[in-house]
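K.L.:
Heads up, here are the entries from Swiss-Prot:
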{"type": "BINDING", "residues": "48-53, 74-75, 111-112, 140-141, Lys245, 274-276", "note": "NAD(+) binding site"}
{"type": "SITE", "residues": "Glu75", "note": "site 'Plays an important role in discriminating NADH against NADPH'"}
{"type": "BINDING", "residues": "Tyr226", "note": "substrate binding site"}
{"type": "ACT_SITE", "residues": "Tyr236", "note": "active site, proton donor"}
Amino acid sequence: MIIHPKVRGFICTTTHPLGCERNVLEQIAATRARGVRNDGPKKVLVIGASSGYGLASRITAAFGFGADTLGVFFEKPGTASKAGTAGWYNSAAFDKHAKAAGLYSKSINGDAFSDAARAQVIELIKTEMGGQVDLVVYSLASPVRKLPGSGEVKRSALKPIGQTYTATAIDTNKDTIIQASIEPASAQEIEETITVMGGQDWELWIDALEGAGVLADGARSVAFSYIGTEITWPIYWHGALGKAKVDLDRTAQRLNARLAKHGGGANVAVLKSVVTQASAAIPVMPLYISMVYKIMKEKGLHEGTIEQLDRLFRERLYRQDGQPAEVDEQNRLRLDDWELRDDVQDACKALWPQVTTENLFELTDYAGYKHEFLKLFGFGRTDVDYDADVATDVAFDCIELA
């Protein structure tokens, strides 16, 4: 079928299979350009592997270090008559090109919060991956979590705490500057956000993997977080989501103590602001990202997801000089270091009050933001003919959990 973008709110309801594949190829090329090393992870599990930082982790592990990878995600497959989600096509493209490079690649499509997903992962590690993994990447960003056992459903809330937050934002449907107000989260919403986006599920994964004996000696685990700056703190770090990320930090300390007994470790990696399906949903982020992209591009500091993950693997987790990774006082790996430079943030603060609907495209990189957003769904690429027919029914080596 012929597929063009249809954007509603912060979601594009259509996806382009070929565009998604080209995006993955672009990330593979960026990784390969930095050279392939053989002194890093060999067997990698990525939980939340189909888009954003999770996908970039999988690409970096496979094409930067020659690792075998197992990816878990929750996506909709395409059929002959309907396109699937972007994450499905990203994962299909990854699988195709990893196999072409002679690398082991297997995927599981299902609820990554479920015990069934953990059981399936453990079975595959035992039967197909040599029995153990040496890196576990935890990269789930979900609005909903169904608790294993009880089946109770918890929902996360993108809300401030204590008082209504009002700030300048972009109406991304109309490309206009508006005042956005968000009501504060209730105590229950804060609690549920911690349950969905905190460290509980990460710990359940490590419990299960360790209990089954499928974690290698020296195995590491990393989970992703975002702290941001005072511009975004009210809605993020000081909001319900921030409380969940504090829980993630506490979980990392516990897991690190456990894994360190066998020569490994666990860290939270704090990453920079990038255009992802997760960040597009957070009010104020599109405007902040549009500003910080412009400033960082001008300073030669800009990074996308794959550049961030390359730096995380090559300069933090698996340093060639054999030294331990540089961490902050909470044992976090900081990849938001360039974004948080004083010169970058001072420029952002000076720019923020000046932005209007009329000068939005001129003062910020909102055009770049829109382009990156469409790219998430396979659109906006110059090397794809969007008026040509494309097959939407793309199958690959993926186990479907019932």
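Using the three backbone atoms N, Cα and C, a Cβ is placed for every residue, glycine included.
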K.L.:
Show me the subset of Ser50, Asp111, Leu140, Tyr226, Tyr236 whose Cα is within 10 Å of Glu75 (site 'Plays an important role in discriminating NADH against NADPH'); these are the recorded positions I mean.
P.N.:
Ser50, Asp111
K.L.:
Take the Cβ of the residue listed as 'active site, proton donor' and count every other Cβ within 10 Å, whichever protein chain it belongs to.
P.N.:
25
K.L.:
When you measure from the Cβ of Glu75 (site 'Plays an important role in discriminating NADH against NADPH'), how many other Cβ atoms are you left with inside 10 Å?
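P.N.:
Taking every protein chain into account, the count is 21.
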K.L.:
Using a 10 Å cut-off on Cβ-Cβ distances across all protein chains shown, tell me which of the binding-site residues (Phe74, Tyr226) has the largest neighbour count.
P.N.:
Tyr226
K.L.:
If one looks at the chain holding Gly48 (NAD(+) binding site), which residues at least 6 apart in sequence have a CB under 8 angstroms from its CB?
P.N.:
Gly54, Val72, Phe73, Ala112, Val137, Tyr138, Ser139, Leu140, Ala141
K.L.:
Taking Ser50, Gly52, Asp111, Leu140, Lys245 as the binding-site residues to compare, which has the smallest set of other Cβ atoms within 10 Å?
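P.N.:
Asp111, out of the binding-site residues Ser50, Gly52, Asp111, Leu140, Lys245, has the fewest neighbouring Cβ atoms within 10 Å.
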K.L.:
Could you measure between Tyr236 (active site, proton donor) and Gly52 (NAD(+) binding site) for me? Cα positions, answer in whole angstrom.
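P.N.:
With the alpha carbons as reference points, the distance is 18 Å.
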K.L.:
How many other Cβ atoms sit within 10 Å of the Cβ of Val275 (NAD(+) binding site)?
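P.N.:
Looking across every protein chain shown, the total is 24.
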